[in-house]
Amino acid sequence: MASALLIVVLLAIASPPVRASDPGSLQDFCVADKDSPVLVNGLVCKNPMDVNAEDFFFSGLNMPGNTNKRLGSNVTAVDVKKIAGLNTLGISLARIDFAPYGLNPPHTHPRATEVLTVIEGSLLVGFVTSNPQNRLIFKVLNAGDVFVFPEGLIHFQFNRGHKNAVAIAGLSSQNPGVITVANAVFGSNPKIDESVLAKAFQVDKKVIDYLQSQFWMDNNN
């Protein structure tokens, strides 16, 4: 019995740890070959001899994003689509600009944990835990403050101030993905049957019709 337990312990130590983020690289780098027709989980590597500094470079994150939108916010993502050298490195980032009272609405990143740092202004941020508690964990952040949003949980950022706000977010995936809750539920294509949503939200079908018409137009323009 003791020897069997020892074997289990040794196997556990020798086995690689379970990872919730992107798989680790088996080489120095794997710069994405965006022109390759081959489909893999991630992106195919280009020939290392063809790699240069531009594959690891992005310029312009110092420029404010356009917040002249309905929600008053703008996300400038710097992921593997922008920096090919991020492929297999399991990391990306984003700049988020907020007009006064601008909102980055409730959303999730299905493949990444997010670490948010406020650079300018003040933000009300929070996330909601999973069922059945659905507990809201929130805090007001000021410049220099850092907050973590666990992978997959619904979260938001809201500028409650009279001035612009800026934040930088680090994400634990080269391609974290974004699911904006309202857009997904009310703006899906094709639309979710109104009877399903009316029952789920316990509202009249007319309310669902209105929301679907608004979000569907936003998503498909």
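Note: Cβ is positioned from N, Cα and C throughout, glycine not excepted.
Noted in TrEMBL for the protein shown:
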DISULFID  Cys30-Cys45  disulfide bond
DOMAIN    59-209  domain 'Cupin type-1'
BINDING   Asn104, His109, Glu114  oxalate binding site
BINDING   His107, His109, Glu114, His155  Mn(2+) binding site
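The two recorded residues, His107 (Mn(2+) binding site) and Cys30 (disulfide bond), show a Cα separation of 30 Å. Asn104 (oxalate binding site) sits 32 Å from Cys30 (disulfide bond), counting Cα to Cα. In sequence order, Val148, Phe149, His155, Ala169, Gly170, Leu171, Ser172, Pro176 are the residues near Glu114 (oxalate binding site), counting only same-chain partners six or more apart with C-beta under 8 A.
Across all of the domain 'Cupin type-1' (59-209), the predicted model scores a mean pLDDT of 97.
Considering other CB atoms within 10 Å as the measure, the emptiest surroundings among the binding-site residues His107, His109, His155 are those of His107. For Cys45 (disulfide bond), the same-chain residues 6+ apart in sequence whose C-beta sits under 8 angstroms from its C-beta are Gln27, Cys30, Val31, Ala32, Asp33, Asn87, Thr88.
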